[in-house]
Amino acid sequence: MTLRLSRRAYAEMFGPTTGDRVRLADTELLIEIERDFTTYGEEVKFGGGKVIRDGMGQSQRVAADVPDTIITNAVILDHWGIVKADIAIKHGRIAAIGKAGNPDIQPGVTIAIGAATEVIAGEGLIVTAGGIDTHIHFISPQQIDEALASGVTTMLGGGTGPATGTNATTCTPGPWHMERMLQAADGWPINLGFLGKGNASLPQPLVEQIAAGAIGLKLHEDWGTTPAAIDNCLSVADDTDTQVAIHTDTLNEGGFVESTVAAFKGRTIHTYHTEGAGGGHAPDILKVCGESNVLPSSTNPTRPYTINTLDEHLDMLMVCHHLDPSIAEDLAFAESRIRRETIAAEDILHDLGALSMLSSDSQAMGRVGEVIIRTWQTAHKMKVQRGALPEDNTRNDNFRAKRYVAKYTINPALTHGIAHEVGSIEPGKWADLVLWEPAFFGIKPSMILKGGMIAMAQMGDPNASIPTPQPVHYREMFATRGGALARTSLTFVSQMAADAGIAERYGLAKRIVPVRNCRNVTKADMIHNAWRPSISVDPETYDVIADGQLLTCEPATVLPMAQRYFLF
């Protein structure tokens, strides 16, 4: 007998299906389900009187033949699509995306459920890949809790704690500090990778940091980012298949942006805060967005451009770069970096896919828990101010959503050589997954999985009779305890360090994963974010011209995903 359900009734029971639309939080962004992998009438759902019971939706297969965990009827939002599916997890990895159930009695089943299978109800939830923040100043370990609670599951950067050097630069300098930080990484339920200090004009001081475990090198103007240092650093990176991140020369002491681009010599490099407020050739570092070898990112304080953006930046910059407001030269240095015109253009360059990534700059002119929020606030602002993208239609913002989710998932993974493990929801990848209620999308995840195990979740009073009574807040779960921690998170290192046996030498508990293919990636590989405009910045007015068009927009006076969701 066939029972017909209204779309509303179906969505309330099994989640939205093909053609249904979902609003992302309180934004103007709507996504539409492009495909439903489940079979109508054969959906699986757990609970009293529901489908996943012995002999019904649960088969008799043994553990080897079934997933460890199934997320049922979830909406997947990833760079490759927006679909409804069941997600299978096995041995800490995504095993399949498809239709779960009992193949002995149900048609179209691609994922068998058994007695060894745990169930996470994904009905009505959105699942994204764990976020990747590639601009971390490791100033305080407490950042990790904030990042994880926001949906970030991988942190890449440098530092040694609240040292003056780390407060300003994302570098873990030298083999001794690298070893200590890699040992510290064993204590945190998040994937970590560290950048060494790249500012040297001879190879050996850099090579020894790569050999000690650095996944790449960071060039920072506060250490002297001269053309000679850039050239040497990129040569070492080419020899070791590691990435280089750069904060260029704001003062133009060692040369102008053209000098820096010339020092690149066509070699791949990740440019941090490419707009320039976070640092870089004033006023025209944005020009590098047009280079095929440059992988450009933003940091989140300028995202998106609002009526408050300029006011907060000056004081923030003075503190982060150890400047003295009573010294005229220090004040001029700070003021040269804060330009409303380039910040406004940054919004549009993100929307058009010229800026490929977004990161935090944690505690050093950036907020570690707001990468995802500010990404989607930027997308919303651009939808309101610029309308639908040409690739989208009047019904949905699917392409825009794919473009923006790629900025903090797959593109950072490709840039830093870790896309073979993380960065997207695809079979074979590490099961770092974030579950969201649509009303709280991008703001407050319901649950964060690390390596297939629940690491953090919104949880009520532990003494209550059920999980939901107040106070509900983020609490660490079992993936963060004991030996499970080391088996559900990864530490990224260089291939050179892995081959040298640092895991045994340092006594590391976490699995180490070498980065790879860092030197082959180009701007063309930045998914949905590969536009290479010819950019000029007027040295007097700071107006930004891209392919002959002036890029400007008004500051936002109000934003979604803000005070509606937070008390403070």
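Using the three backbone atoms N, Cα and C, a Cβ is placed for every residue, glycine included.
Small disclaimer: the values here were computed from a predicted structure and weren't measured.
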Of D361, D392, D397, D432, the one that Swiss-Prot places in the same Ni(2+) 1 site as H135, H137, K218 is D361
Counting across all protein chains, other CB atoms within 10 angstroms of the CB of H247 (Ni(2+) 2 binding site) number 24
Per DSSP (three-state), D361 (Ni(2+) 1 binding site) is coil
Taking only the CA atoms, the spacing between H321 (active site, proton donor) and H220 (substrate binding site), expressed in whole angstrom, is 11
Comparing local Cβ density (other Cβ atoms within 10 Å) for the recorded positions H135, K218, H220, H273, H321 points to H135
D361 (Ni(2+) 1 binding site) sits from H273 (Ni(2+) 2 binding site) (Cα to Cα, rounded, in Å) at a distance of 9
According to DSSP, H321 (active site, proton donor) sits in coil
Rounded Cα distance, in Å, between H137 (Ni(2+) 1 binding site) and H220 (substrate binding site) is 12
